[in-house]
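Trainee: Sharing a structure below in C-alpha cells format, with a few things to ask.
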C-alpha cells in the first residue's frame, strides 16, 4: 500500500513537471483588477465587493466554534479535526484577505485574497483523503498539501506565472465531485458535497460574467459580488453536512446508490406497467 502511495505521488509530480515544460507561462492579467462595480459607500471604494465578504467571516467563525466546542460535529479522527480547523480558518481569513484586496485591487494585495482560499481548497483535499481513502495518509498529506498551495501563490507572485495556482484550484474542483460520487463515504449526507461543488461552479461563472451581470441588473449588483455570496454558500453547505451527518453503516458510493435507485425505479415501473396491462385486459373481458 505504501509503495502504491509513493508511485501515485511520483506520477503526480512527473505529470506536473511535464505540464510546466510543455505549456507556456500564464501571467496575471492587469485587466482582472478592473471590476464592474467600483461604487463607493460611506467613503469605502468598491463597497459591495468589500461588504460581500462578510459571510465568510460569519460561517468561518461558526465552523471553528462548532469544531472545538463540545465536539458538536462529532469529529472522531484527529486528522479530521485538524483538516476542518484549517478549512474554517481559511474561510474566515477570506473575509479579511478579499476585503483588503478589493479596497485597492492590485497584484500585491491579490496575494492576501488568494492565500486563504488556497488554504481552504487544500484542506478539503486532505479531508477527503481521510474520509474516503485512508485516515493516516490523509492526515500526513495535510501539511504537504497546504505547503503546495502556499508555494503556488509564491511562485505566481515572484515569477508572474499562474500555472501552479491554477492547478491547485482546478484539481480540487475536479477531484472533489468525482471522489464524492465514486468513493464510498464514511458518513451520511454526502450529497451536500455536490451542492457545495455546484455553488462553487456557479460562483466561478458569476466571476467570469462580472460586467455582463452588472449590466443585466441595471447596475444594481455585479457578478463578482454575487460570486462572493455564492462562494460563501460552499462552507454553509459543508457546515450543514457536518451538523447532520452520522457514521455511514452501509458504505456504498453515491454512484452505486444511484444505480440501485435507478434499478428499483425501473423494476417498479415494469411492475406498474404489468399491473396496468392486467387491469386493462380484465376490464375488456368484463365489458364483453
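Using the three backbone atoms N, Cα and C, a Cβ is placed for every residue, glycine included.
OK, TrEMBL features for this one:
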- 7-27: transmembrane segment (TRANSMEM)
- 47-69: transmembrane segment (TRANSMEM)
- 81-103: transmembrane segment (TRANSMEM)
- 115-133: transmembrane segment (TRANSMEM)
- 140-159: transmembrane segment (TRANSMEM)
- 165-183: transmembrane segment (TRANSMEM)
- 225-243: transmembrane segment (TRANSMEM)
Trainee: Would you say the transmembrane segment (47-69) and the transmembrane segment (225-243) are in contact under the rule of three or more C-beta pairs closer than 8 Å, pairs 6 or more apart in sequence?
Mentor: yes
Trainee: Could you tell me whether the transmembrane segment (47-69) and the transmembrane segment (115-133) have 3+ CB pairs under 8 A, leaving out pairs under 6 positions apart?
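Mentor: Counting Cβ pairs under 8 Å, fewer than 3, so no.
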